[in-house]
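What follows is a single structure, written as structure tokens, with notes after it.
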Amino acid sequence: MPDFGKPTIEYVELIPLFVVFGAACLGVLVEAFLPRETRRVPQVLVTLVGLAGALGATIYVATDVDKHADGAARGLVGAEGSIIVDGPTLYLWGLVLVFGILGTALFAERRLEGGLSAFAGQAAALPGTEAERIAATKGLDHTEVYPLLLFSIGGMLLFPASGDLLTMFVALEVLSLPLYLLCGLARRRRLLSQEAAMKYFLLGAFSSGFFLYGAALVYGYAGSVSLSDIDQAVREGTADHTLLLVGIALLAVGLLFKVGAAPFQAWTPDVYQGAPTAVTAFMSAATKVAAFGALLRLFYVAFDAERWSWQPMLAVVAIVTMLLGAVLAVAQTDVKRMLAYSAIAHTGFLLTGVIGAQGSGELGDNQYTSLEGVLFYLTTYGFASVGAFALLTVVRDAGGEATGGSSWSGLGKRSPLVAGAFAFFMLSMAGIPLTSGFVGKWAVFTSAMSAGFWWVVLPAITASIIAVFFYIRQIRLMFFSEPDPDGAAAVTEPSLLTTGTVAICLAATLVLGIVPGPVLDLVVGAGEFIR
Amino acid sequence: MSTQLLLTAAADVEHHIPVVAPAEADGAFSLLWLIIALPLLGAAILLLGGKYTDKWGHYLGTALPIGSFVISLVCFINVLGRDEGDRQVAQHLYDWFEVGGLDVGMDLLYDPLSAMFLLLITGVGSLIHVYSIGYMAHDPRRRRFFGYLNLFVAAMLMLVLSENYVGLFLGWEGVGLASYLLIGFWQHKPSAAAAAKKAFVINRVGDMGLGLAIFLMFVTFGTTSFSGVSALSAGASETTLNWIGVLLLVGACGKSAQVPLQAWLLDAMEGPTPVSALIHAATMVTAGVYLITRSNFIFELAPTAQTAVVVVATVTLLWGAILGCAKDDIKKGLAGSTMSQIGYMMLGAGLGVAGYAFAIFHLLTHGFFKANMFLGAGSVMHAMDDDVNMRHYGGLQKLLPVTFLTFAMGYLAIIGFPGFSGFFSKDKIIEVALTENLLVGILATIGAGITGFYMTRMMLLTFFTKKRWEDGVHPHESPAVMTVPLIVLAALSVLGGIMLAGNWIVDFLSPVVGHVEHEDPPLPAIVITIIVVLVVALGAGLAFLLFQKRDVPREAPADVSFAVKAARADLYGDAINDVIVVRPGSELVTALVETDRKVVDGTFMGGSGIVRGIGHGLRHVQTGYVRSYALSVLGGALILVLTLVAVNL
């Protein structure tokens, strides 16, 4: 009979996770014990305090972790090897928590809907029925969105920190399930929203299946689910190689689905459009951060020695993804949908960075690693994306958010501030110099280039040029077109929650473009993954 | 044996390529950043200040570039007082981004090359600002116009002052953006909006070339600064350098409207005339020449790329000249001529060390006389109620005496009338071309002849011949605020040749572009000069016979030869683009969208949710489409697995 020892848990280093999950549980209690009308303020407080506390704890842990045994990385392997708290983990945690706080602010916004949140009053009421109408007139609100958000964020924290494939799978589900629900809770256009949630759920479950099967195959190959053991087995390379290759491909499917890479991108436009915009804003940034973190860890740690196999595969995926995203975005007239396709293109750009992995011997003196490039790109894109989606919530007409292209025409004349801010985010996503997007693109493209992937950088630059076209077209529409006489949208004055979020994103995008130095230092300071 | 020769030649060349090694900026040079900051400040105040700045905005917008000019002048005088060895000065503003090997500073470089550009941009730029006060007096959006102009000037200054390719790229994108805003300034005209879009799209192709070149440089040398690349370029392989060179050429072609990326320049004339003078004659379109001259440390070691530059330049100088012959729109005629003249500059730059200085010399003189003529054309349009058709002009020399005289100075300069600035600069390029390659030299001479033809035609149709305007038009001379800049530019057009006195400009630029011993042309220089002048006279004489001796119809005759039709249609530049790029591109997009909609996308877009009615419910609409999505996931997974396994077995 095997011995069962008591597992060691590094409570201090894992505080951020405990705080977030603890706050989520507290949120459920609030939901259970407080009367419906009074829940909102406590929920928002619990969420914000929880996230801010977790962020503070992350910073504390980041200043505190020591050099890992192998020297190149900082941090420790915790919870019996299932959670790894190293430099990249901590950076990604910080990023997810910041986007979580911004997302919470957008969730809590109530002024835009005349005192109601953007979420359905009573999700259980069928659209178009009497029950729904009653829920609306009574001013009901779903405050469950806050605990859901917290659970999802908890999953996102765990995802890139996973030390083995099982933890990674559990984290994947923990982050996904609440998101599926959140996507279906829009107050307006509920069918669209529910449809999106349904699709996201079915396809997400489908791709999780691939991930799990891949994990099983890799276990069959390596005899372990731990990433470092898999790395060891791959380096020894004794077992059946085909098993490993199929396993890598299937694991990749699960992760590529989450980041929205082609050919697994089909859900992105529908879900981004159908979900409440606050949710879209949050998940466009945070899910990407978490999923790319996990992708990087899996491929850089477990399959590092197998680089020559997966680099070309991801390279092709990257090319197809960015070209498809950019070209289809050109054909969109709806702003929200255009942003969704642009998110696909950005996934491609990020993948371009991912394939730039090189062994430490191949890197030149002081050359930055592809990991650092991708982390920086995630930062820049996340802020621009949250900011842009947040602005979508304030441009409205009688039917709620007005995302139809023509209703935005001439917005620059009516609301120069909103249009100007949106234009700035567009410029950043387009990668115009002096915005953060330029530095980010530069970082990922050069790392792919120095790894010898010029044949990926070439389409990447082509795609960014196509992308500039539709971003600038949007700017042109806002500033140089006459307003549409039938359906011109106007800006509804939001509360400080939304304006603050936009202001933070704006400042981050500007500062990261002009003086990216400090953040780049932070990224470099994050160092390597622990192997 | 020939390899042997080549090798020694290469070693010899390496010896001459100067390395950029600037000293720290001090004294007057510590104000370098202000040169860019002043117009940038102007743009910020005018564009953000809104209507509060309507009253005085145009004065501020004019004063700030003049300020930059003064600083440029002070720096120039300072640099003249220095030894030839210390004429490169760098100012480090701050580290733009720095991480590991990726180290890009906001650094400015002042050397003889940027000195010349600074004087041209701020000098001619200021004159054009002054002129615009009069030209745009009645435009309700004048303040915004000056804001854009200032933005353009700031970006252009950034382009020529940056010490690394990334900063240059920043300026490069900036001028592109400002030019887009200015071409489309009269956006109520659909033609202006379309022209702005066209310029933007074509320029993206060029930018892609420049972007790739910078990436390749970074990967090859680990740096993008001029000093770093110039120090390391001799160590790189020739193939790499050729690639970098060709990519830089693609960038230069886009910005400088060289074949095959030339199609946007003629349409860009939809912008207000001062814009054409500033951006599409004197400054932005010459950025390509700057790029190639600045990158001499690449091109000198990349013979294939250098040959490509010469070929592109020769084709363009003839292409532009032929277009110029058939245009009735005075601005488009001038635009064709600009294209052709930039072809000459590129030719000079492509000819290597012997030609760089003359390329820049021609760039400067061209900046004077072409800005002069564009502003002159603006003055004529001002007089003719904004009519641009030369067939509606005629006999204006008495009515617009100042415009006529200044335009004539520009005319004599551009055709290369002995003694005028263009005579010296173009003659030198043709001489070097004849020395290096006889065929190119002869083609450049023929180009000069065609220049004589089309410019004489323009001169005659506008100022001589019988009057062809209608009775309602009352031509009148422009106000002093417009004519004074014309007079200054005319004086510069006449006297610009002085820069060649004692070979000054060649010696001045030699710290940047290197120096070679003068090689004797195949014929004595004076004989070449006489031949060129005769060829020009032939072209001018032909134009005189065709247009002065015969009546000019008010409407363009339709029964013309194929050659004229082709030239009127811009030598089918648009048609070629359409067949090669536009149509396949749009068909690809349509096909992709169709596939996306039919196979993957369903009719999700509200079609299911809202329009088809709330009662339908989810089941009905949904399942089918999710299935097709799932199918694509499955298909994708299958492809991934199969390729990964297949490739690695």
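Placed from the backbone N, Cα and C atoms, the Cβ positions cover glycine too.
Bear in mind that TrEMBL entries carry predicted annotations, made automatically and left uncurated.
Sequence annotations record features per position, and here TrEMBL assigns domain 'NADH:quinone oxidoreductase/Mrp antiporter transmembrane' to A:162-466.
Positions annotated as transmembrane segment by TrEMBL: A:14-34 (among others).
Counting same-chain residues at least six beyond the ends of the transmembrane segment (A:41-62), those with a Cβ under 8 angstroms from any Cβ of the stretch are 12-13, 15-17, 19-20, 22-24, 26-27, 30-31, 34, 85, 87, 90-91, 93-94, 97-98, 100-101, 104, 107-108, 143, 146-147, 149-150, 153, 157. The feature transmembrane segment is assigned by TrEMBL to A:41-62 (among others).
Taken from TrEMBL, the feature transmembrane segment applies to A:90-108 (among others). For the transmembrane segment (A:90-108), the list of distant contacts is 16, 20, 40, 44, 47-48, 51-52, 54-55, 58-59, 61-62, 65, 75, 117-119, 145-146, 149, 153, 156-157, 160-161, 277-279, 281-282, 285-286, 289-290, 293, 375, 378-379, 382, 386, 390, 393, 497-498, 500-501, 504-505, 522-523, 526: same-chain residues at least six beyond its ends, Cβ to Cβ under 8 Å.
Among the features that TrEMBL reports, transmembrane segment is placed at A:145-162 (among others).
Under the heading transmembrane segment, TrEMBL lists A:168-188 (among others).
Using a Cβ-Cβ cut-off under 8 Å and counting only residues 6 or more beyond its ends in the same chain, the transmembrane segment (A:200-222) has close neighbours at 165-166, 168-169, 172-173, 176, 179-180, 183, 229-230, 232-234, 239-240, 243-244, 246-255, 257-258, 264, 266-267, 271, 302. Summarising the annotation, TrEMBL assigns transmembrane segment to A:200-222 (among others).
The transmembrane segment annotation in TrEMBL covers A:279-300 (among others).
Counting only same-chain residues 6+ beyond the ends of the transmembrane segment (A:312-331), those with a CB under 8 A from a CB of the stretch are 249, 252, 256, 261-263, 265, 299, 338, 341-349, 351-352, 354-355, 453, 455-456, 459-460, 462-464, 466-467, 469-470. According to TrEMBL, the feature transmembrane segment maps to A:312-331 (among others).
Per TrEMBL, transmembrane segment is recorded for A:338-355 (among others).
Beyond the ends of the transmembrane segment (A:375-395), by six or more residues, the same chain brings 88, 91-92, 95, 99, 102-103, 106, 109, 112, 118, 277-278, 280-282, 284-286, 288-289, 292, 335-336, 339, 343, 346, 349-350, 353, 401-403, 407-408, 411, 415, 418, 421-422, 425-426, 428-429, 436-437, 439-441, 443-444, 489-494, 498, 501-502, 504-506, 508-509, 512, 516, 519-520, 523, 526 to within a C-beta distance below 8 angstroms of the stretch. The transmembrane segment annotation in TrEMBL covers A:375-395 (among others).
Among the features that TrEMBL reports, transmembrane segment is placed at A:416-440 (among others).
Taken from TrEMBL, the feature transmembrane segment covers A:452-472 (among others).
Tertiary proximity for the transmembrane segment (A:452-472) is limited to same-chain residues at least six positions away from its ends with a CB under 8 Å from its CB atoms, namely 311, 315, 318-319, 322-323, 325-327, 329-330, 332, 338, 342, 345, 348-349, 352, 355-356, 426-427, 429-432, 441, 445. Sequence-remote contacts of a segment are chain residues at least 6 beyond its ends whose Cβ falls under 8 Å from one of its Cβ atoms, and for the transmembrane segment (A:338-355) they are 259-262, 265, 268-269, 271-273, 280, 284, 288, 292, 295-296, 299, 311, 314-315, 317-326, 328-329, 332, 370, 373-374, 377-378, 381, 385, 388-389, 392, 405, 429, 441, 443-445, 447-448, 451, 453, 456-457, 460, 463-464, 467, 470-471, 474. Panel annotation: around the transmembrane segment (A:14-34), residues 42-43, 46-47, 49-51, 53-55, 57-58, 60-61, 78-79, 83, 85, 93, 97, 143-144, 146-147, 150-151, 153-154, 157-158, 161 of the same chain, lying at least six beyond its termini, place a Cβ under 8 Å from a Cβ of the stretch.
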